[in-house]
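Engineer: Could you have a look at this structure, given as structure tokens, before my questions?
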Ligand code: SRM
Ligand SMILES: Cc1cc2nc3c(=O)[nH]c(=O)nc-3n(C[C@H](O)[C@H](O)[C@H](O)COP(=O)(O)OP(=O)(O)OC[C@H]3O[C@@H](n4cnc5c(N)ncnc54)[C@H](O)[C@@H]3O)c2cc1C
Ligand code: SF4
Ligand code: FES
């Protein structure tokens with residue numbers, strides 16, 4: 001057996017072992033791996049996740065048992081400090097000596113620490129290993145202000161981590177811009193603004209001269225005589241290849257570090273290879289994992305005597321993972337020394353900057369930069385790497401097409417889609433065909449695509465769907481593994497077969513035992529079809545927690561109570577009752593963004609008592625917990641306002657009471673304004689009504705939330721009766737056809753024919769279903785009951801509201817503290 | 001009452017020393033769960049009536065350390081019975097306690113038996 005020793009159990013060292021075992025007969029090679037770190041190889045790329053989930057096993061490339069199962073002798077916690085090339089042995093710092101036939105150096109890099117006075121002080125850290133992170137986390141417990149030295153990719157990641165550790169965070173960068181190797185000035189400016197919005201303080205053009213403090217650091221001093229008080233510093237100023245072993249045994253190393261290798265990754269000694277971040281190829285150190293994996297592949301290929309394959313220079317495109325701002329740069333991003341024509345899109349308002357570099361002849365994409373929005377990254381990267389011909393209007397690539405067909409480019413089979421695992425489009429398509437893959441998870445397991453940094457996941461999914469479509473398999477929007485139907489199909493089944501029970505539906509039309517996706521979805525469909533009490537026997541287990549307890553769950557496990565206050569109108573007497581109830585049960589009160597009052601911090605057993613008091617005072621459920629109507633916001637309107645055209649308050653109350661309790665694919669909100677000054681913000685609602693001289697304008701499909709969208713005019717100058725009629729039809733049509741959890745805006749965006757079609761259906765009754773829709777809505781309106789009233793009056797249902805079933809005590813772990821004279825839950829554990 | 005994950009340890013059926021009489025069967029909603037307290041521990045007991053099975057696990061969700069799993073939703077992934085946490089929908093196998101859609105720590109699980117209308121949970125002490 002040939003003896004292989006791998007020095008370094010990092011990402012690349014691990015990948016080498018994995019590939020060698022996968023490709024060669026087990027009995028051909030005896031593998032020993034030395035790792036200096038105490039842990040088995042872990043995913044350094046996702047190291048920052050350790051701050052939010054400090055679990056080593058989560059990061060491990062493979063559990064220790066994997067090494068055993070694969071007959072790999074893993075020796076962790078031992079550093080090799082000598083190689084004897086004459087006798088072909090290595091020796092560890094503990095004195096272990098072992099012979100080798102072939103030696104693989106996969107020693108990676110360490111963080112580069114610039115020679116600044118004071119770097120040895122307590123409170124100065126680097127950011128490379130789990131130990132580093134443990135030390136940072138520990139130290140941060142007693143500090144409030146931290147700085148990161150280096151505004152590159154890693155530095156920004158470290159800055160995000162400092163934010164997560166609740167530090168006031170500063171980033172110090174020597175260059176005049178952020179991510180100087182990936183971004184131009186305008187790109188850096190856009191990123192800068194975004195980072196400042198996140199609360200990170202940035203200092204550019206800063207040359208650190210000294211780290212101040214006695215023993216412990218207390219601040220930083222810069223060459224321009226300014227200084228900064230910080231208690232902790234994380235240095236992220238670049239990497240230093242670990243080539244000390246190579247030097248010790250006389251192998252060539254580069255002037256600025258790195259073990260010199262040829263295209264076959266051989267060092268000067270043909271029995272010794274170097275791969276990963278320690279290898280200097282054509283005078284270049286690759287600080288990314290994908291080229292390291294490719295190097296491992298090239299070496300494995302030689303060892304098993306495969307077809308000749310050499311290492312070629314590698315693309316360095318990157319996308320920032322963590323910071324909450326999309327940043328990507330690909331191909332030749334800066335084009336500093338290449339003739340090119342840039343196309344630039346900049347929106348200072350939203351902080352989006354995009355630049356693509358087109359070749360002089362206008363035929364090819366050379367590279368580019370995306371800040372603020374990087375959805376197009378995968379596609380642009382593929383166009384660049386594959387030298388694909390550009391569309392006639394290349395600006396569409398970053399602007400999206402304005403009118404007309406969408407710009408979509410067909411990738412060649414050879415396009416490398418996942419660079420971490422080197423998977424091409426062809427590999428994915430072939431795997432789908434050969435193994436008859438039917439879901440995206442299988443594709444990932446089978447091809448490994450998307451299992452590295454994960455950046456390619458969206459494109460992998462697209463390719464998978466396209467391939468299925470090509471094979472004539474329909475890509476269906478089935479709701480989950482338990483039902484092979486779309487939401488609309490299930491609704492049809494429920495109606496046609498008159499199904500009233502989830503288990504019956506699952507037995508007859510599904511498989512398995514359901515899940516958190518299909519249960520609440522079916523519950524909502526049953527409710528919007530039969531309008532029965534949602535907590536009736538058998539239905540309660542289908543409801544999301546909020547629906548199950550008719551209240552919204554909050555941090556710590558307490559609930560909020562939101563009584564309906566239609567149109568935002570409330571009498572002083574009712575206000576007093578809310579105050580009294582809040583006081584009696586010690587609830588935090590806040591006026592919501594929906595013109596009503598939210599009472600927070602009720603314990604589960606208190607809910608029925610609280611509601612009993614509210615109901616006795618004439619309140620009813622506000623359905624803040626349900627996918628159902630929330631509020632119909634109003635302005636004060638013509639009764640008081642000098643501009644008011646009609647009585648918007650009365651109308652909003654009428655509308656709110658009409659649709660209260662109506663279950664739908666997502667929540668519903670309305671608004672009524674008394675004139676076009678629009679104080680009720682009706683145009684941001686699912687349906688918005690604005691008074692005109694002649695009557696009302698009805699707008700539909702508006703949305704606040706993360707993707708705000710204005711509502712659009714469905715019908716103008718209509719009377720109140722027509723207005724309600726149209727809303728009846730509109731809402732029922734939406735309820736019947738929308739996918740789960742699609743607000744009306746999203747639904748309209750996907751609706752074939754868009755607004756014109758909707759107007760046709762609702763106003764012109766083009767499908768001839770208007771009368772049915774109205775009838776169905778009438779049934780809902782007539783059968784409405786306040787759910788809380790039913791619970792309060794039903795001792796069986798009331799019994800459900802306890803924390804324990806074997807003792808009366810409430811949950812003793814629930815804790816509150818004081819803030820501005822009211823209570824708040826203690827922050828939850830990480 | 002303990003919110004320390006480490007204090008919840010899986011009890012295998014052969015390790016049971018005490019069968020704690022938790023509550024009568026009808027205290028547990030069909031296809032749902034309820035919590036009990038036992039010597040400072042909070043345990044969620046699940047009545048998976050659709051499958052005719054009972055399960056028990058720690059009530060503490062390892063994700064944000066919330067005492068909540070008894071209010072979670074039951075379901076299955078392939079053959080595996082599971083519960084979804086109400087807060088962020090992390091799902092855990094009811095058989096092994098393993099987090100199925102992420103890398104949270106495993107839940108401790110406990111044996112359950114039903115005798116003469118009462119539900120019992122097995123503890124090792
Ligand atoms: C209480 C309140 C904030 C406040 O203190 O003012 C609030 C609180 C929550 N909102 Fe909201 N939203 C509140 C007004 C709004 C508004 C403003 C409005 O309604 O005029 C919006 C933007 C308008 C819109 O919806 O188009 C709003 C957009 C959202 C969204 C984003 C929806 C979207 O389409 O993108 C969510 C997430 C979701 O529903 O999936 C959300 C979800 C939530 C949840 C339910 C999050 C959760 O699951 O726990 C919060 C529940 C807190 C609770 O337990 O009560 N909340 N939320 C407001 C309650 C209004 C009410 O009286 O019912
Ligand atoms: C926070 C962070 C985020 C990153 N994000 C990305 C990213 O998004 N995308 C990307 O492509 N790359 C990223 N990287 C870089 C990526 O992690 C490295 O390129 C990759 O880990 C290199 O793998 P390697 O095996 O060559 O080196 P390493 O992973 O450093 O492994 C080398 C191992 O060898 C050990 N070793 C060294 N000398 C000896 C010795 N003499 N004896 C025994 N053991 C020894 C070391 O202790 C170490 O464990 C990131 C790095 C960090 C730190
Ligand atoms: S904006 Fe976010 S944090 Fe604020 S209430 Fe709405 S969901 Fe909660
Ligand atoms: S607390 Fe359970 S999933 Fe977040």
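For all residues, glycine too, the Cβ spot is worked out from N, Cα and C.
Whatever TrEMBL says is automated annotation, not expert-curated.
According to TrEMBL, the protein carries these features:
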- A:3-283: domain 'FAD/NAD(P)-binding' (DOMAIN)
- A:317-381: domain 'NADH-rubredoxin oxidoreductase C-terminal' (DOMAIN)
- A:417-466: domain 'BFD-like [2Fe-2S]-binding' (DOMAIN)
- A:478-527: domain 'BFD-like [2Fe-2S]-binding' (DOMAIN)
- A:554-615: domain 'Nitrite/Sulfite reductase ferredoxin-like' (DOMAIN)
- A:626-751: domain 'Nitrite/sulphite reductase 4Fe-4S' (DOMAIN)
- A:635, A:641, A:675, A:679: [4Fe-4S] cluster binding site (BINDING)
- A:679: siroheme binding site (BINDING)
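Context for these features, please: burial, neighbours, distances.
Structural biologist: In the predicted structure, the domain 'FAD/NAD(P)-binding' (A:3-283) carries a mean pLDDT of 94.
DSSP places the residues of the domain 'BFD-like [2Fe-2S]-binding' (A:478-527) in helix, strand and coil in these numbers: 28 helix, 3 strand, 19 coil.
Within the domain 'Nitrite/sulphite reductase 4Fe-4S' (A:626-751), the DSSP-based counts of helix, strand and coil residues read 43 helix, 33 strand, 50 coil.
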Engineer: Please list residues from the chain of residue A:679 ([4Fe-4S] cluster binding site) whose Cβ is under 8 angstroms from its Cβ, counting only those at least six apart in sequence.
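Structural biologist: The answer is A:635, A:636, A:673.
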Engineer: Measure the Cβ-based neighbour count of residue A:675 ([4Fe-4S] cluster binding site), defined as the other Cβ atoms within 10 Å of its Cβ.
Structural biologist: 19
Engineer: Using a cut-off of under 8 Å between C-beta atoms, tell me which stretch among A:3-283, A:317-381, A:478-527, A:626-751 contacts the domain 'BFD-like [2Fe-2S]-binding' (A:417-466) the most.
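Structural biologist: Per the Cβ under 8 Å count, A:317-381.
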Engineer: With DSSP as the yardstick, break the domain 'Nitrite/Sulfite reductase ferredoxin-like' (A:554-615) down into helix, strand and coil residue counts.
Structural biologist: 31 helix, 14 strand, 17 coil
Engineer: Starting from the [4Fe-4S] cluster site formed by A:635, A:641, A:675, A:679, give every other residue of that chain whose CB sits within 8 Å of the mean position of their CB atoms, in sequence order.
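Structural biologist: Leaving out the recorded residues gives A:636, A:637, A:643, A:644, A:648, A:673, A:674, A:677, A:678, A:680.
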Engineer: Within a 10 Å radius around the Cβ, which one of these binding-site residues has the most neighbouring Cβ atoms: A:635, A:641?
Structural biologist: A:635
